[in-house]
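K.L.:
Not my notes, these are from TrEMBL:
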type    : residues                                                             : note
BINDING : A:48                                                                 : NADP(+) binding site
BINDING : A:125, A:126, A:127, A:299, A:314, A:315, A:316, A:317, A:318, A:340 : FMN binding site
């Protein structure tokens, strides 16, 4: 089976390239009766949009979504929901000189190895432009999660180069903090630690001036997710979340909770101990853990504690400085990428990562509800 | 859809619990004509087997596989292949006192939240005992990969606690080095750096004496994998490999190539530059990269360079020392796990991780061969 | 993806051949908490069992099931449930002479075309012996349906050769009528019209004496299925039911409701008109149709009226009389099948067909419950 | 999993309603390198188009397709291919009076039972308008099959009411005969028996005048399909073909080869005997059967003989004459459908059925090629 679908009960299928007519997503499994309009899709598309600030690519796309199906009189019908986002600023002439030369760090060579030929305009299907479809679908997932169980997904930048943010409580970070600085101006780097954010912006400006790019890391937090989501063996929710984040371009590492830090720890220091939590609305007790090194998941199933994930994102591979490479025939060549690229992928990565996390949580919520109600 | 299947074209479905009659795997998609017998399955099952050395759990299981179907006259038939591994040393009395108390770090609470009740004998389906079925399937995948394209999967321990191995060239590590020390004795910790291996064994012995456990990390390398495997969007091979490793118990982080190290790097230092490689057998040139920070995958598709993955594994949650917790009714309780547990999961994690990587590579090889031969 | 799994939310995966160690099924998606033991599996396996009467094959198999996983303290755990039925009477010597000769009407030639070689012992994977695994899974599905919504699946023979049963009300036929004649003796042909049943038995005895075989047709009825099951486009429940029945060996046709008879009808005579039905338990009205030419499904979704399906089953292809054929090398040959075969497949087809219908209805019930509870 | 996808290796996912912006299909798995443009899609869309003759619905739709992705420089890229067909003649005012009344024979009641509410404009997602997306995808499948193995799919009408066509050799019927009468005028009923075609047209004209509708049957033939396609157990190609045809609106029965006629036959008369066929291009012999009662499939796998399927299609449920029914609240009501409807579905059913057969054969061809090339 080819790889353009994701999810089981909340399932997205996408199509589209960087320089074709547009990107489309079909979402299958959206429950009926959810209020939905393009206004629900626009905010996250705007957060992902190129040209949103001076530290991202200056390609100019409106990224205006059209709902093609699945909504009637303002509510979802339960049948498949399709969204189209047309490409407008395609300028494919920028890419003609890479037709026969492999850009380092890109999928040019691997697409040729796989398909025998490729759409060389801006990476075609391998371009991060395909994530517009994911972000639109993620907005639908977020709406569903919010209405169904009050869950909320927030992502933010925790590292750019060697600058690291200090985040005391991941579960307390708000969308407001991610999008707006305390002084009211836009938080263009999406780091909720204002001091770190300022230094990150400076670093990105500097690498851009030098014709270079810089990597970083993001943290994504899901709160309000009920205990019991996830499957016990292969479809552990941690496994599906990891796949979701690794399916995004440029991600080289994913961890949750204490993550790679667990390798140095002893069990006695690592285990999160259970405790009685606040009473549920119906008078019954809840169960919590004192700490959250387990990142909200045990045995691949949610515990009700916040889900906390981190992803490492490599520096943009496209560089305006010359790099050595080869042609399709393995002849030596030099390449300077002339397109409009992000000096750092992280600010625009945030809505993409949130979308994928929202889609996985929505999917497992639906799967769980089916099982739970069975008898 | 429930979560007991993995893979598309090479697809495994498993069943079985820690203390039930046994574990079974059905492998669907094994090509016909591959020589196969239980002798192909025994070595990896022995590497995973409890009781194999003094630094692992002393539960005594023969782990003898029975092939129930799919092999005729010593060759695979192409139809579904089932393997059964019976449990023999079940001693379920060890577990009766955890019936109503949640073990920290385990899936007891989450299984109750999901299913409403649980098989409390040794974790039931959440026990790592289910990985016997995966390891048997992985041995079939390895055999297929070896015959079809000469690919090879080798895993080894790179970290236990704060002890880190020095591995100069991951692609050069051999199964021999992982299993046997230079002096000919068994490499019970499966670290191919002999000096580090000795210190790791000492550390594991020490934590066991203290009634504690210790975490660590493993590296898994796939060599001989052709360029072109993987799907461009959601089923990137990096995403499927990450899901495969995260689906294993106790894994809190996965990275490939330079991994989380990419966050600090600039693009100019990070990109692996393409070069002409050695001529292929047919006189045509091959394409390689000078370095392998990309861990053998670009755009989610293999480049032909070695695939290099790392996984962080938490310290065993079961501890013989008392830990605070709660009962099903959220009443305070204290628990001391009396079962037989690994003080460090890493030595037995290696064949599990190799199996999952082999299954993913086999799956994508079959998917790719179907697409490639289409026209 | 290979083809040894069926269903989405209630999903079965099978393995096994006619003359291997046994047949196994893994059922994924059985809700937790259902009382289940081998006693629930034995009755349908006995109805399918060879050697059950003088008008079926005399191969002697106990068909004793073993539950390998998924049941704890007499209840399903919600995790994958595996059942093994070992083969005991294999006598593979019966089949050695068909190693290189293609039996007419069998899958010998097509397996060779597909796989390059085949397990020639009794058809291997193409033998109807694989349906033991389906029947065991079907018994689990029936138990779930009965407990969850009180639904019931009954099948029976409506035609053998030119003998047709008269069934006034398919929804009124009971398992008792199918299994037992009014005089208390076993209804070995499973036709609830006693007069027709007697003539069917005579016809089957006659064709067996003549070294021949005879075709027939079965009707399967599901009652108590709630309205609303099925998906609107490709996974219409009528489509999944048809696939389920066509996946059984020897089925050449499937219809539901008025079936092929619709081709001659006008819309004004064909439409089933809606009416108010009896009040539901909660005082709200129900909706029914006056007639049931639609066989319980409209737009691929159940209406709450009885689901009525028919399947045409070809005469057994294995014949003890000589038939002309070719060898693997296309050389002319003559074959006389010496194995033990059913002169008519219908009596043993009934539990297989019921099982497949039960699995589809269980699957769609679970899918629907997930969607319904979402908001 | 919801039900808007079909196929495994050649997989289509659709969205769209009768009166929304349009219908879209994403095809995943189209091999790279196939020449493709909208000109390949237009002919079958025109054969399905409303308003094509006086015996079909007079709704006026251009059904002009737009390829949104997956084609570059005139060839398929191997990545997901999306096609959009916008609705233009929506006139949703025609449907406002059926908002609360259930049309007999339609999915109004079942959609309400399933989703809790519905898009009442022309059936919404349950309208046959969704088949535009299938027909577009089918045209892609046909192009692939033609290029890859020279296979050809042709469907035609064999019955309207009690008028039956005489077809001597299904495999010899040409698209030309289906589309054009011997006198050169369009064969608007798509029956290749000209005498029967004339009577069918008269009958359809008559029932339309009477405010009624009429059922019928279609035959679909696939020639040039290699032996070896199909999976041995659940995904028998006969099962997938049946599901494909039953997934179309109004289909109440499907059979292949001798079909329901097998129920009356003896094995000695039913079996198709194997014979040596013409030599293959490489000098090796082929294997054929003398007769084709098996309809090109044995054991669920193709034999290389023509695949011959028949489907029964009910009379259109929408009638301009008054019919009794109930409202959503089960109150008695009378309905007269005022929309523009086909008096007989068969002429426009042909391209839909061909499309579904082409999609299944393409899917199994890709699955088989993957398995075949594995070693």
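Backbone N, Cα and C atoms are what each Cβ position is placed from, and that goes for glycine too.
Note: TrEMBL annotation is automatic and uncurated.
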K.L.:
If you draw a 10 Å sphere around the Cβ of residue A:314 (FMN binding site), how many other Cβ atoms fall inside it, taking every protein chain shown into account?
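P.N.:
Its Cβ shell of radius 10 Å holds 28 other Cβ atoms.
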K.L.:
What Cα-Cα separation, expressed in whole Å, is found between the residue listed as 'NADP(+) binding site' and residue A:318 (FMN binding site)?
P.N.:
19
K.L.:
Report the same-chain neighbours of residue A:127 (FMN binding site): residues 6+ apart in sequence with Cβ closer than 8 Å to its Cβ, ordered by sequence.
P.N.:
A:17, A:18
K.L.:
What is the Cβ neighbour count of residue A:316 (FMN binding site) at a 10 Å cut-off, with all protein chains included?
P.N.:
27
K.L.:
Measuring CB to CB from residue A:125 (FMN binding site), give everything in the same chain under 8 Å that is also at least six residues away in sequence.
P.N.:
A:16, A:17, A:18, A:111, A:119
K.L.:
Could you tell me which of the binding-site residues A:125, A:127, A:316, A:318 sit with their CB under 8 A from some CB of chain D, listed in sequence order (or 'none')?
P.N.:
A:125
K.L.:
How would DSSP class residue A:48 (NADP(+) binding site) in three states?
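P.N.:
Note: residue A:48 (NADP(+) binding site) is helical by DSSP.
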K.L.:
Using DSSP reduced to three states, classify residue A:125 (FMN binding site) as helix, strand or coil.
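P.N.:
In the DSSP reduction, residue A:125 (FMN binding site) maps to helix.
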K.L.:
How many other Cβ atoms are found within 10 Å of the Cβ atom of residue A:318 (FMN binding site), counting all protein chains shown?
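P.N.:
A count of 25.
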K.L.:
Count the other Cβ atoms sitting within 10 Å of the Cβ of the residue listed as 'NADP(+) binding site', across every protein chain shown.
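P.N.:
So the number of other Cβ atoms within 10 Å of the residue listed as 'NADP(+) binding site' is 27.
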